[in-house]
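First comes the structure, then the notes that go with it.
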Amino acid sequence: MDSTGHRNSLHDKIGSNYFEKICLRGVSNLNAMCGDRLWAFERAVGAFLEGFDDREERNVQTKTECEKLCLFETSFTCRSAEFDESINICRLSREDRRSQPAAFRRQPGSTVDYLENQCVRSLPDCRYNVREGTAVISMDELQFAASQGECEALCDQARGFTCRAFTYAMEEKRCYLSGDDSISLSSAPLIAKRDAVYAEKQCSISQCEDGLFTFEKVTGHFLRSAQQVGLAMAASPGVTLECGARCLEAGSDCPAFTLDYNSMKCFKLDRNTQGRGSELSAREGQSYFEKICLRGNVRGCEGRAWAFDRRPGKELRGFDDLKLPLVQSRRDCMEECLAQRRFDCRSAEYDTQTAECRLSSEDRRSRPSDFVDAPSTVEYLENQCLPSESRCNFKSVPNSYPRYLDIVLSLVSDEVDCERRCYEYSDFICRSFSYYPSGSQCFISGDDRGSAGNEALMSRPGTNYYERSCLVAGGPGPGTSPSNPQGRCAVGRAEFEKVTGYELQGQREYPLLRGHNPGLAVQCANQCKIDPRCHGFNFNYKLNECTALEGDADPTRIDIRQVPGVAYFEGVCLRGAGCGMAWTFERHVNRELRGFTNAHYITGSKTECEDRCLDERSFICRSASYSYRRQECRLSSEDRFTQPQAFEMSMDSDYLENQCIPPVGRCAYRNFQRDRQLIYTDKSLSAFSDSSCQHACDVEREFMCRSYTFLSTVGSNTNQCLLSASVAAGTEQAFKLQNGALYAEKQCGSLQPPEPVPPPGRPGSDPGSRYPSGTDQDGVLSPYPCRYTLTYEKIAGAAYGNAQREPIRTRADIGISGECLIKCGQLRHRCLAVSLENVRGGRQRCYSIERSADSDGGLLTSAPELAYFQKICLQGRICPKAWAFTRVPSYELNAPNAIEIKNMFGRRQCQDQCLQESRIVCRSATYYGRDRVCKLSPDTRRSLPQHFRRAAGDVDYMENECAQRKFLKSYLWPVRMKLEYG
């Protein structure tokens with residue numbers, strides 16, 4: 001007997017699976033469709049996928065007929081079906097409960113059954129979430145494995161069923177494979193098992209929303225565990241672009257492809273490496289391309305045939321500019337590289353074992369001797385989305401041509417024309433070429449001996465192989481680079497500093513660029529960089545034209561004249577870490593930031609001072625003031641916006657503002673002015689509304705956008721959104737009248753750093769204190785800038801809902817608080833707090849919050865299922881724990897042995913006092929805001945629960961997580977209480 005006619009007899013039972021034979025009449029090629037699958041469909045009674053029906057068939061009499069329709073569907077890949085036996089309707093879908101988990105509905109008692117096709121290929125983008133001490137509920141296959149990694153590989157290679165989870169028992173060396181996961185088991189609790197590891201595969205058919213589908217390339221390798229299907233190519237030789245386009249069109253049916261350059265054949269694969277480089281094997285003349293989805297700063301990757309070169313088991317040793325711990329995946333590491341603004345990230349390394357991502361401004365071509373073998377868990381990733389190095393030399397090898405031939409260009413006149421085509425080619429970075437004169441063809445390759453070794457060349461008498469040779473920025477010795485094409489900088493990169501309201505006189509000049517739409521500053525800077533005669537330029541905002549200058553400014557500044565409506569862009573050679581901005585510094589002549597010096601140096605030049613600021617690591621250098629007379633460089637974590645009262649005149653100094661550091665804190669738009677247009681337009685865009693223009697200013701990446709003007713009444717041929725790096729204040733003759741215009745400037749959250757260091761001997765002063773007399777309490781609570789130690793405080797059962805939050809991706813879904821806080825720390829000022837949520841099934845998730853209750857002076861709300869962590873800056877010595885204090889608002893510990901300290905200016909100073917206290921072991925502190933009193937105690941709410949009680953709204957109890965615990969003689973019942981906030 002089966003369930004036909006007895007559907008209501010099927011009941012849920014954890015740990016039990018029901019298998020039912022089905023007869024698919026007329027299906028003669030089932031083996032070709034399903035292979036060695038032990039079951040063809042998974043059935044969920046009383047369930048359906050809402051909103052993703054691609055085809056609907058009526059008058060379908062049985063569930064089996066519906067399953068046949070899914071198997072035979074050819075217009076799309078049918079991953080699931082629904083059969084409603086009450087109305088005889090069958091609905092087919094290209095999605096399933098794993099690709100669209102939010103749309104999966106269970107409705108007990110309904111007449112609809114969900115049917116999931118097990119004969120389609122598994123979703124390609126997979127990773128494993130691991131839990132220790134648990135085991136699978138339903139085991140479908142038992143294998144023996146020497147390690148957890150081997151067990152994982154057995155799960156990936158299972159053919160009898162789609163393996164969705166496994167348990168590896170270390171002592172038994174047994175590998176338990178299962179076709180079920182938390183989705184099919186409805187999050188049923190797992191079985192406890194000592195010395196075992198449970199891993200659940202999470203796969204997705206990435207729709208790549210707000211992202212870009214592209215490829216990563218592994219030269220000279222193939223994927224040994226994949227099945228391949230040949231694709232017919234129209235072009236030969238040189239099929240790389242066509243093969244990539246065909247794979248993108250195939251969607252999830254092509255997660256990767258292999259290119260055989262020897263036979264010029266392309267093969268789509270049924271799987272990818274799933275995060276493991278160990279599956280790749282070396283093979284001369286073949287390259288493996290894996291489809292990836294990249295999000296974030298992907299503009300440079302658009303139109304590129306592949307975004308990264310990947311090399312397993314290799315690393316660039318000794319040139320890590322930035323190390324990021326606990327990065328979830330290799331693709332996340334790539335996105336971190338693309339998002340980097342402090343320097344041009346040319347390469348990265350990802351360690352799958354430690355989840356560490358290392359970013360570098362160098363690559364295997366700029367440092368070939370340091371490109372060395374690494375453990376198998378390390379993968380080298382080279383960014384192909386940066387602009388191609390221009391004005392490089394080519395080294396020739398006679399009687400050879402590229403083995404890894406990617407494209408053939410026709411109608412090429414000679415080798416010079418072929419070289420030019422290589423320079424200008426944009427679908428990938430052309431690294432080598434050969435000219436074939438009899439066919440007037442240019443053979444172009446994205447590989448060279450740097451990526452393929454000696455295999456990059458093949459013998460061909462009478463043909464010359466040319467390989468690009470560039471000394472990129474940051475490489476050894478002087479030379480040309482993308483940012484220094486002329487070789488004008490003997491050391492460093494060619495960058496610009498902008499001097500608004502001034503022009504350089506007395507130099508030979510010539511027209512550089514002129515345009516109809518206002519805002520050519522970025523284009524002028526780019527044009528000047530590639531012009532060997534251009535040392536800088538004057539930009540006339542009123543005429544919307546820039547004039548190139550063939551010489552540099554005099555060091556005495558005698559040839560710089562103040563002229564409203566003009567900006568002088570001076571070419572400078574910088575060695576410090578760059579960020580890719582159109583200009584790296586904004587310079588204000590005869591100005592300085594007085595009284596906020598974090599470090600000072602004696603330097604020989606202004607540019608050396610700028611290098612010091614760019615390379616500063618002990619604090620965030622937002623600005624520098626350089627004294628020509630004293631040759632003194634003063635670096636500051638403040639700027640003219642955070643400390644406007646300190647921005648003063650100084651006849652022998654220039655103020656230099658670092659454009660690589662974004663504003664701190666929440667930003668809003670102020671100083672709205674109607675019918676007035678700011679003259680100093682650096683970029684113009686088309687926009688339909690004031691809000692879209694404001695958004696354009698927020699996301700601008702080529703310069704620091706500080707204001708915008710929206711023109712509501714201009715013609716269709718004129719850009720309506722005018723972006724500017726300037727603001728009205730301090731800018732001479734900044735506006736012109738314009739009917740229908742709306743001007744607004746960006747103002748970001750004010751910073752409250754330490755007061756200037758007072759002179760020696762001042763009574764009552766503490767040179768190292770963060771809390772001088774009269775300090776505003778809210779200002780002290782802001783975590784940035786932090787000259788001391790940045791950590792967290794935890795408030796259980798609380799939430800802050802007045803700020804935007806973004807999900808944080810974690811490697812697991814339980815015990816994730818430490819990982820969440822580390823990732824928030826990596827986001828710096830973009831994440832001031834973290835919300836940790838406990839969700840159904842014992843799982844957890846967390847979110848980054850762009851502002852905190854302390855930075856906004858806002859109130860927390862009660863949320864029993866949440867934990868709220870916010871960044872705090874502490875002066876006192878702390879421990880390496882994930883958070884330093886646990887705070888309970890509106891509670892106090894009225895302990896009899898407490899030390900009372902008066903004239904405390906805020907909670908943070910009270911916490912610092914607790915950490916620094918030497919008379920007792922301070923295990924908790926209570927701060928009374930109204931009375932400015934801090935009480936320190938060697939006890940906590942656990943050791944003295946009878947003294948822990950509710951208090952007024954201005955009172956906070958804070959438990960020191962860094963103090964050694966006080967051991968109790970007996971177990972105490974926890975105090976039950978309801979927390980109420982604001």
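Just so you know, glycine gets a Cβ as well, placed from its N, Cα and C.
Whatever TrEMBL says is automated annotation, not expert-curated.
It should be emphasised that the depicted structure is a prediction, and the values quoted were computed from it without experimental measurement.
Across the domain 'Apple' (34-119), the prediction's mean pLDDT works out to 91. For 34-119 (among others), the entry in TrEMBL reads domain 'Apple'.
For 126-203 (among others), the entry in TrEMBL reads domain 'Apple'.
Mapped onto DSSP helix, strand and coil, the domain 'Apple' (208-293) counts 16 helix, 41 strand, 29 coil. Annotated domain 'Apple' per TrEMBL: 208-293 (among others), in sequence order.
According to TrEMBL, the domain 'Apple' annotation covers 301-385 (among others). DSSP labels the residues of the domain 'Apple' (301-385) in these numbers: 14 helix, 30 strand, 41 coil.
Sequence annotations record features per position, and here TrEMBL assigns domain 'Apple' to 392-470 (among others).
In terms of DSSP helix, strand and coil, the domain 'Apple' (489-573) has 9 helix, 43 strand, 33 coil. For 489-573 (among others), the entry in TrEMBL reads domain 'Apple'.
Sequence annotations record features per position, and here TrEMBL assigns domain 'Apple' to 579-660 (among others).
Feature annotation from TrEMBL assigns domain 'Apple' to 667-748 (among others).
Taken from TrEMBL, the feature region 'Disordered' applies to 748-782.
Annotated compositional bias 'Pro residues' per TrEMBL: 753-762, in sequence order.
Annotation comment: TrEMBL describes 763-774 as compositional bias 'Low complexity'.
Taken from TrEMBL, the feature domain 'Apple' covers 879-962 (among others).
Stretch with the most C-beta contacts under 8 angstroms to the domain 'Apple' (392-470), considering only 126-203, 208-293, 301-385, 667-748: 208-293. Remark: secondary structure over the domain 'Apple' (579-660) totals 13 helix, 35 strand, 34 coil, with classes taken from DSSP. At the 8 Å Cβ cutoff, the domain 'Apple' (489-573) and the domain 'Apple' (126-203) share fewer than 3 close pairs (sequence separation 6 or more) and do not count as touching. By the count of Cβ pairs under 8 Å, the stretch nearest in packing to the domain 'Apple' (208-293) among 301-385, 579-660, 667-748, 879-962 is 301-385.
DSSP labels the residues of the domain 'Apple' (879-962) in these numbers: 13 helix, 31 strand, 40 coil.
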